[in-house]
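J.: Next up is a structure, given as structure tokens.
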Amino acid sequence: MTSTAKPRKTDPQIAFEVMGKAWRDGTLATLLACLMLAVALIGFRPISIDYDPDYLTKGDPLNQMGWGAMMVLSVVAGLLMADARRLYALLSPWWLLLIAMVLLSVMRTPDPMGAFRGVAFSIIGIGAIMVILSLPRTQAQMATVLAFAALSLLSLSYFAVFAFPQSGIHQTGGFEDQHAGLWRGIYPHKNVAGPVAACTLFVGLYLLRLGRPVIGGIVFVLATIFVLKTGSKTTLGLLGISIFMVLLPSWTGFRRYLPAIFLVAVAALALATLGIVFIEPLKNWMSSVAPTFSYTGRTTLWDFGGRMAMERPWTGYGYGNFWQTPLVLEAEAHFDERWDFRRIGDSHSGYIDTMLMGGFPALGITLFAIWVAPMADYVRVPQLRQNILFADLMIMIVIFTALNGFLETFFFNRADPVWIYMLLGCFGLRIASRFVLHENGPPG
């Protein structure tokens with residue numbers, strides 16, 4: 001007698017079928033993208049008790065192993081899971097030229113191999129973001145990736161504030177006592193934590209506009225509180241400007257004018273920051289109106305960095321080969337200035353530090369990559385709901401980080417989460433402008 005009963009599946013067979021389905025519908029790829037973006041924004045050593053101005057450039061075995069693993073993961077995921085069309089679309093000629101320029105600047109350093117390690121990890125960060133944007137199959141999955149990364153970094157930051165306040169909150173008795181009591185979460189300094197929280201707030205706003213009120217509201221509220229607790233008026237102001245610049249033209253039907261609005265904002269901030277240092281009439285006017293105004297001592301760094309950059313305007317000094325080198329450490333001290341630039345790790349201006357790295361050629365290519373190309377992509381975005389909402393998020397991030405670059409240095413630094421967010425914004429706009437995005441289907 002033969003049995004007609006259907007044979008029962010074994011546990012390994014069930015597990016294999018579940019894994020196969022997760023592979024086909026993009027669930028595994030989405031989970032991997034969640035992990036990669038969260039780690040890229042959080043870092044491999046998130047808790048820092050003592051602020052070190054060189055923390056972004058110092059060698060750290062854990063960071064080196066972590067970014068090495070990120071490279072392997074990016075290559076494997078890019079080959080096996082990522083959408084090849086999107087990866088190809090993300091190969092921007094401006095970014096390729098910029099990478100080549102940075103690599104060239106390595107050759108002008110006394111220790112090319114040491115500088116190359118830093119550049120290599122920066123390139124890994126760029127590649128990781130390209131893969132992350134190519135892994136989710138649908139915009140719903142992309143939203144999940146963004147929400148997971150946002151909640152992860154916010155949860156850990158709040159945990160650091162309340163469970164380890166000596167780490168999550170600036171303390172007295174150390175470097176920059178004036179920041180005591182201000183939140184920094186899992187990051188080494190409030191000047192990193194504030195911009196990261198601001199970009200995370202944009203993610204919350206995107207989730208709200210997408211129709212995810214619970215998760216979007218949680219991210220938005222937590223990020224807003226954190227920005228306020230960092231005490232950064234500059235971050236708060238740039239955050240509001242970025243949202244206003246994007247949403248108002250979008251709501252009034254003037255989206256195509258955003259590049260012009262951005263140009264005006266950039267010019268105004270450039271005059272208000274670097275202009276009062278290098279343009280003599282503005283400098284004299286500011287000295288008469290507010291003689292002690294210095295952006296918390298930044299004008300000292302801008303003046304010194306700018307003068308030194310003009311000594312090598314076409315070549316620069318090489319990647320990471322200016323601050324904290326004998327050229328600066330052995331310079332004459334200026335005791336009447338707010339800051340002693342011999343103790344500083346950067347100029348607090350990404351644009352001046354780009355000049356110091358590679359001169360006018362590096363600065364010009366950088367401006368095309370982070371200003372011109374994203375704006376060109378934005379005006380080409382299809383007028384479809386998913387494309388518009390995603391592009392609005394990405395351009396908010398680009399505008400905020402580009403403006404913040406006048407006051408902080410984070411360009412080309414793989415360890416800085418603000419740089420990771422800027423990469424996400426620039427490359428995300430290429431996706432939004434080149435594909436028709438669907439909430440529950442692959443891009444067309």
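Heads up, the Cβ atoms here are built off N, Cα and C, so glycines get one too.
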J.: Match it up for me: which of 191-209, 210-228 does TrEMBL list as transmembrane segment?
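T.: So the range that TrEMBL calls transmembrane segment is 210-228.
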J.: State the mean pLDDT for the domain 'O-antigen ligase-related' (218-365).
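T.: Averaged over the domain 'O-antigen ligase-related' (218-365), the predicted model reaches a pLDDT of 89.
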J.: Taking residues 6+ outside the transmembrane segment (351-376), which of them lie with a CB under 8 Å of any CB in it?
T.: 92, 94-95, 97-98, 101-102, 104-105, 258-259, 262, 266, 274, 301-302, 305-306, 308-309, 312-323, 394-395, 398, 401-402, 405-406, 409, 411-412, 422, 425-426, 429
J.: Restricting to CB pairs under 8 Å, which listed stretch, 26-44, 87-107, 113-133, 235-254, 419-437, is in contact most with the transmembrane segment (210-228)?
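T.: Stretch with the highest Cβ contact count: 235-254.
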